[in-house]
Amino acid sequence: MSLICSISNEVPEHPCVSPVSNHVYERRLIEKYIAENGTDPINNQPLSEEQLIDIKVAHPIRPKPPSATSIPAILKALQDEWDAVMLHSFTLRQQLQTTRQELSHALYQHDAACRVIARLTKEVTAAREALATLKPQAGLIVPQAVPSSQPSVVGAGEPMDLGELVGMTPEIIQKLQDKATVLTTERKKRGKTVPEELVKPEELSKYRQVASHVGLHSASIPGILALDLCPSDTNKILTGGADKNVVVFDKSSEQILATLKGHTKKVTSVVFHPSQELVFSASPDATIRIWSVPNASCVQVVRAHESAVTGLSLHATGDYLLSSSDDQYWAFSDIQTGRVLTKVTDETSGCSLTCAQFHPDGLIFGTGTMDSQIKIWDLKERTNVANFPGHSGPITSIAFSENGYYLATAADDSSVKLWDLRKLKNFKTLQLDNNFEVKSLIFDQSGTYLALGGTDVQIYICKQWTEILHFTEHSGLTTGVAFGHHAKFIASTGMDRSLKFYSL
């Protein structure tokens, strides 16, 4: 039978057992340990020498103990030193085991702390977004206190009650009529002449991609869904993204001027104000936001709808917004006060609106519906004055030409239809490739060119209605396209998160 000492891991000369832990020890080692600690080395229970129980085993014949000479004395000293080393080694093993357990516990605590920090960070971010949403309500502007001639919004307005409509007052109607008269007169003066600075078709046909920017919106939620250029300075680009942000970008300096945060869902429509440093955005979160670009802050939240806002257009006066929604209503709102002036639906249709666009004169506008209809409305009378059937599938985009005569429309039927507003009929249909998607339509400022964006970007020359340019640079669906001043460049955005520019 072989016994092993629990301290030295060697066969003991004088084995004994501890009744506390039932472990076997070399008597001299355990006695030294008890003398120092008074406990059992295995379970740290109190233990005395009297409690130790000797174990009787058959020992091999051993030589007589050394006599008191110098060599035996050295051996005895070495034996004592070895005993001390064994005791120290055993203590270190115990401490190592304890340290490992403490380290494991600390690692679990660290992991739990990281999870808590991540959750709290997410909650703080959500709280900040909620605060940004509530801030526009802080400084309520009483509508009567804001003169109609005031050039810009200087405070934050109250999100209005959906049931509280101000109405189209005679003063507002007269203002709209006066502006339309001025614009019509200017258009007649211009006649059919094309600006000399406008890029010629043969030059436009040579356009190629000259720049691409992918850092405007989040990479984790890719996609730019809306695009607009500032009418007074087309170097200023406005985009709305799937990341819920609105971004103002300067083409000339290639710098982001402002990142506007506040929407709780993706941004699907954006509009630049032509003369004030304001931009507008709409989202499926059922809100329209008015932003100050210099302050990078929201100055008004217009709550005109109960469902997703699908279209946004600024009136020629620069004082009113037109919006369309999944709630089947179009709304006409005052940007000075953030209040809804009127809100109308076509009760005979009962269908969601997909887009909305003002005519250049501002007295009529068009809306697209989910059931393939294009409806023309009289703003002063709030009545549906004409319908343009012919598409199949939801209407995806509509665009009025600056000449005031043409309307371009697109739907999920791989076609673009051109309508003559004087004769109220379809005079041309651009039939595209099968499964070609059209998400954006726009005429240039002179009404000479028509651009469409979707599966790719195509440019047509009006009157002949022939394609003169075709871009396939976007790796995803093209969601927006726009012309620079006098068509000196073309801009496009897409689901590949890029803003691209094309020119000579």
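Here the Cβ of each residue, glycine as well, is placed from N, Cα and C on the backbone.
Model, not experiment: these values are computed from the prediction.
According to Swiss-Prot, the features are:
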MOD_RES   SER2  N-acetylserine
DOMAIN    2-73  domain 'U-box'
REGION    68-223  region 'May mediate interaction with PSMC5'
MOD_RES   LYS122  N6-acetyllysine
MOD_RES   LYS179  N6-acetyllysine
REPEAT    219-259  repeat 'WD 1'
MOD_RES   LYS244  N6-acetyllysine
MOD_RES   LYS261  N6-acetyllysine
REPEAT    262-301  repeat 'WD 2'
REPEAT    304-345  repeat 'WD 3'
REPEAT    348-387  repeat 'WD 4'
REPEAT    473-503  repeat 'WD 7'
Stretch contact, the repeat 'WD 7' (473-503) with the repeat 'WD 3' (304-345), Cβ-Cβ under 8 Å, 3+ pairs | no
Same-chain residues near the repeat 'WD 4' (348-387), Cβ under 8 Å, at least 6 residues beyond its ends | 168, 173, 176-177, 179-180, 183-184, 187, 307, 310-317, 322-330, 332, 342, 393-402, 404, 407, 409, 411, 413, 419, 421, 424
Write down the Cα-Cα distance for LYS244 (N6-acetyllysine) and LYS261 (N6-acetyllysine), rounded and given in Å.
-> 7
Residues of the parent chain within Cβ reach of the repeat 'WD 1' (219-259), under 8 Å, 6 or more residues beyond its termini = 211, 213, 265-275, 279, 281, 283, 289, 291, 293-294, 296, 440, 445, 476, 479-485, 488-489, 491-499, 501
Helix, strand, coil: count each for the residues of the repeat 'WD 3' (304-345), based on DSSP.
-> 0 helix, 25 strand, 17 coil
Write out how many residues of the domain 'U-box' (2-73) are helix, how many strand and how many coil, based on DSSP.
-> 18 helix, 10 strand, 44 coil
In chain order, residues whose C-beta lies under 8 angstroms from the C-beta of LYS122 (N6-acetyllysine), counting only those at least six residues away in the same chain, are none
Looking only at the repeat 'WD 7' (473-503), what are its DSSP counts of helix, strand and coil residues?
-> 3 helix, 16 strand, 12 coil
Which site among LYS179, LYS244 has the most other CB atoms no more than 10 Å from its CB, taking these as modified residues?
-> LYS244
Site with most surrounding Cβ atoms, counting all protein chains shown within 10 Å, from the modified residues SER2, LYS261 | LYS261
Note the mean pLDDT of the repeat 'WD 3' (304-345), expressed as a whole number.
-> 93
Using C-alpha atoms only, work out the spacing between SER2 (N-acetylserine) and LYS179 (N6-acetyllysine) and round it to an integer in Å.
-> 111
Work out how many Å separate LYS244 (N6-acetyllysine) and LYS179 (N6-acetyllysine) at their Cα atoms, rounded off.
-> 34
